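Asker: Okay, handing you the structure first.
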Amino acid sequence: MASGSQLEAIKRAKVLMVGAGGIGCELLKTLALSGFQDIYIIDMDTIEVSNLNRQFLFRQSHVGQSKAKVARDAVLKFRPHINITPRHANIKDPEFDVEFFKKFNVVLNGLDNLDARRHVNRLCLAAEVPLVESGTTGFLGQVTVHVKGKTECYECQPKPTPKSYPVCTITSTPSKFVHCIVWAKDLLFAKLFGDKNQENDLNVRSSDGTNSTNPTEDVFERRTDEDPEQYARKIYDHVFGYNIEVALTNEETWKNRNKPRPLYVRDVLPDNLIQQNGSLENCVTEESVVSSMSSLGLKNPQDIWSLSENSRIFLEALRLFIEKRQKDIGNLTFDKDDQLAVEFVTAAANIRASSFGIPLHSLFEAKGIAGNIVHAVATTNAIIAGLIVIEAIKILQGDFENFRMTYCLEHPSRKMLLMPVQPFEANKSCYVCSETPLLLEINTRTSKLRDFVEKIVKNKLGMHSPLIMHGLTLIFEAGDGLEEDVVANYALILDKALAELPAPVTSGTVLTVEDLHQEFSCNINIKHREEFDEEKEPDGMVLAGWIAPIQKDTRVVSNGESTSTAHPAVTEMVEKSDEVEIAREKLGTKRKLSEMSEMIDHVHDVKPCSSHEVGDQVNPQEVEDNDDDDDIVILDENPETRKKKRFQ
């Protein structure tokens with residue numbers, strides 16, 4: 001039962017909730033039932049069928065509607081007298097600026113991606129509003145508290161980024177199924193159904209030896225006299241047959257690798273199967289979705305299709321795109337909720353995998369890899385939502401001494417499933433809250449300004465409306481409100497090498513990069529470097545700067561957390577118990593480091609991993625795209641690897 005002071009603090013509080021998905025639904029319900037009276041909720045997503053198994057405020061009839069608005073309506077049915085303001089919007093929109101954040105007593109995050117988390121963190125720092133971060137993946141979860149001047153900020157520790165692969169690995173020498181998925185999704189699907197003018201690393205030259213007058217013909221262009229079946233077979237033979245044969249001519253590549261096998265339709269499918277490869281009458285599912293599986297009578301998405309079945313799906317899916325979704329071609333990007341797109345990518349990846357001797361996967365597995373899906377557990381979301389509210393109440397009461405980062409474990413350790421840890425002090429070398437300069441190693445003679453803006457400023461630093469200064473000279477700016485002639489002038493210099501800019505950027509240059517919306521700026525020291533390892537440094541540049549705290553021998557057992565702090569995930573607790581029991585101690589109870597160290601002695605199979613490995617574990621698919629459902633989170637390093645400074 002809450003005390004009088006707690007109830008008063010709760011009733012007066014203005015709460016900003018960001019995210020109304022897996023965690024958000026549980027959080028809004030828990031806030032309402034705990035007595036909070038004034039809640040502002042922002043979410044840009046609409047409800048999908050796949051949300052309904054765990055986001056209990058939504059029903060089938062709500063599919064396609066705003067998550068924030070439906071969540072509000074659902075909660076008001078049992079708490080009609082509280083004030084909930086829903087916004088179907090992007091938290092990164094300019095209207096949600098520092099002044100907007102200052103209206104609230106606390107911000108509660110239930111987000112699904114690193115970019116938005118960083119954005120909210122910076123606005124909370126600028127507005128000096130406490131932030132409670134959270135995340136879940138399966139049975140694992142965490143809640144962390146970030147208060148300016150008292151704890152570390154969300155970005156005080158490095159975050160693992162989605163794994164990327166050199167183009168040569170994807171196009172020429174795949175060795176994992178994820179390589180085949182990336183090839184099928186980001187190269188083949190994009191080439192066939194996306195922007196035709198976009199650069200693409202697929203070999204598009206015609207393999208038709210009779211066409212000597214036009215040797216540069218783009219094989220992906222469908223001729224007017226080609227029916228969909230002929231076109232589909234041509235694409236199949238080109239990407240799985242001819243291109244593999246071309247790759248095999250480079251004998252040096254295959255000295256220490258297994259050679260791939262060229263595949264042609266005639267070798268995989270008998271003529272009678274090609275002729276009978278689907279029925280337009282049966283291509284629509286009960287949910288009125290165009291599907292090649294339905295057309296071919298394949299029902300179970302967890303079956304692993306044979307090479308022949310994958311080939312039939314590939315040909316049928318391509319035909320259905322042409323005959324049923326012609327108007328979409330040219331504007332499509334891969335969407336995990338697009339059934340036909342998932343079928344096409346699954347089949348293409350499996351055919352390529354078969355060619356390179358890589359095990360095949362089911363559509364269910366391939367969809368998870370291509371869509372970066374980590375399957376959620378509703379109970380974990382509920383536990384984490386409750387912990388968020390507990391920390392929010394402590395913040396509202398000013399109970400800083402009892403703030404806790406709490407980790408939810410998959411297996412009980414010494415009969416404990418919840419592991420509370422005192423928050424850490426700010427990292428003095430954090431480039432966000434401590435303004436420490438960064439170092440960028442880059443080839444200033446060959447790297448373009450566009451590369452710097454996209455790969456470093458936007459992707460690495462998470463800025464959306466950047467302004468780049470070289471001393472007093474403005475090099476580049478982006479964002480709403482710029483005059484057309486200014487935008488045109490910047491567009492002209494984006495493809496210039498850094499050293500060729502009007503204010504040349506060379507080794508020793510210090511650039512100031514700022515985002516006025518986030519009220520965040522940092523300095524970047526430039527160091528020229530001639531060469532980069534394509535495998536280990538595929539971006540062709542390396543950003544460094546803030547150093548992770550020194551590792552101590554004393555270790556703390558906890559589960560990995562979301563991208564909020566970088567902790568190696570605890571992969572397996574071997575001390576299992578049939579008795580599942582939540583920690584008996586109160587969450588506010590402080591633990592001595594000696595006690596925490598003693599506990600880890602009972603955990604024998606925990607393999608600490610680098611942030612690189614952690615990204616692999618939590619996101620085993622290692623696919624670049626990380627824009628997914630609301631429950632996805634990347635677990636990071638363990639608190640034992642970090643400096644054991646606690647705020648006082």
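Backbone N, Cα and C atoms are what each Cβ position is placed from, and that goes for glycine too.
Pulled from TrEMBL, these are the listed features:
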type: DOMAIN; residues: 6-430; note: domain 'THIF-type NAD/FAD binding fold'
type: BINDING; residues: 19-24, D43, 51-54, K67, 112-117; note: ATP binding site
type: BINDING; residues: C153, C156, C430, C433; note: Zn(2+) binding site
type: ACT_SITE; residues: C168; note: active site, glycyl thioester intermediate
type: REGION; residues: 200-226; note: region 'Disordered'
type: COMPBIAS; residues: 200-216; note: compositional bias 'Polar residues'
type: DOMAIN; residues: 319-367; note: domain 'Ubiquitin-activating enzyme SCCH'
type: DOMAIN; residues: 440-532; note: domain 'Ubiquitin/SUMO-activating enzyme ubiquitin-like'
type: REGION; residues: 605-648; note: region 'Disordered'
type: COMPBIAS; residues: 622-638; note: compositional bias 'Acidic residues'
Asker: Can you give me the residues near the recorded Zn(2+) site, meaning same chain, not C153, C156, C430, C433 themselves, Cβ no more than 8 Å from the center of the site's Cβ atoms?
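Answerer: Same chain, not in C153, C156, C430, C433, Cβ within 8 Å: L125, E152, Y154, E155, A426, N427, V432, S434.
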Asker: Over all shown protein chains, what is the count of other CB atoms within 10 A of the CB belonging to D43 (ATP binding site)?
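Answerer: Cβ-Cβ neighbours of D43 (ATP binding site) within 10 Å number 26.
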Asker: Can you tell which of the binding-site residues G19, N53, D112, D115 lies nearest to C433 (Zn(2+) binding site) in space, using Cα positions?
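Answerer: Its closest listed neighbour, by Cα, is D115.
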Asker: Which has the fewest other CB atoms in a 10 Å radius around its CB: C153, C156, C168, C433, the listed recorded positions?
Answerer: C168
Asker: The domain 'THIF-type NAD/FAD binding fold' (6-430): mean pLDDT?
Answerer: 88
Asker: Of all the recorded positions given, namely C153, C156, C168, C430, which is spatially nearest to D43 (ATP binding site) at the Cα level?
Answerer: C153
Asker: To the nearest whole angstrom, what is the C-alpha distance linking N53 (ATP binding site) and the residue listed as 'active site, glycyl thioester intermediate'?
Answerer: 40
Asker: Write down the Cα-Cα distance for D112 (ATP binding site) and C430 (Zn(2+) binding site), rounded and given in Å.
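Answerer: If we compare the Cα positions of C430 (Zn(2+) binding site) and D112 (ATP binding site), the gap is 23 Å.
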Asker: Could you give the number of helix, strand and coil residues in the domain 'Ubiquitin/SUMO-activating enzyme ubiquitin-like' (440-532) as assigned by DSSP?
Answerer: 25 helix, 30 strand, 38 coil
Asker: Nearest by CA distance to C153 (Zn(2+) binding site): which of the recorded positions is it, out of G19, G22, D112, D115, C168?
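Answerer: If we rank G19, G22, D112, D115, C168 by Cα distance to C153 (Zn(2+) binding site), first place goes to D115.
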Asker: In sequence order, what residues of the same chain, 6+ apart, have a Cβ less than 8 Å from the Cβ of D115 (ATP binding site)?
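Answerer: D115 (ATP binding site) has long-range Cβ partners K92, G462.
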Asker: With helix taken as DSSP H, G or I, strand as E or B and everything else coil, how many residues of the domain 'Ubiquitin-activating enzyme SCCH' (319-367) land in each class?
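Answerer: Residue counts for the domain 'Ubiquitin-activating enzyme SCCH' (319-367) by secondary structure: 31 helix, 0 strand, 18 coil.
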Asker: Give me the CA-CA distance between G19 (ATP binding site) and C156 (Zn(2+) binding site), in Å, as a whole number.
Answerer: 23
Asker: Can you count the other CB atoms that lie within 10 A of the CB of C430 (Zn(2+) binding site)?
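Answerer: Other Cβ atoms found within 10 Å: 20.
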Asker: Quick one: pull the CA-CA distance for D112 (ATP binding site) versus C168 (active site, glycyl thioester intermediate), whole Å only.
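Answerer: Distance between the two Cα atoms comes out at 30 Å.
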Asker: Let's check the environment of D112 (ATP binding site): how many other CB atoms sit within 10 Å of its CB?
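Answerer: Taking every protein chain into account, the count is 25.
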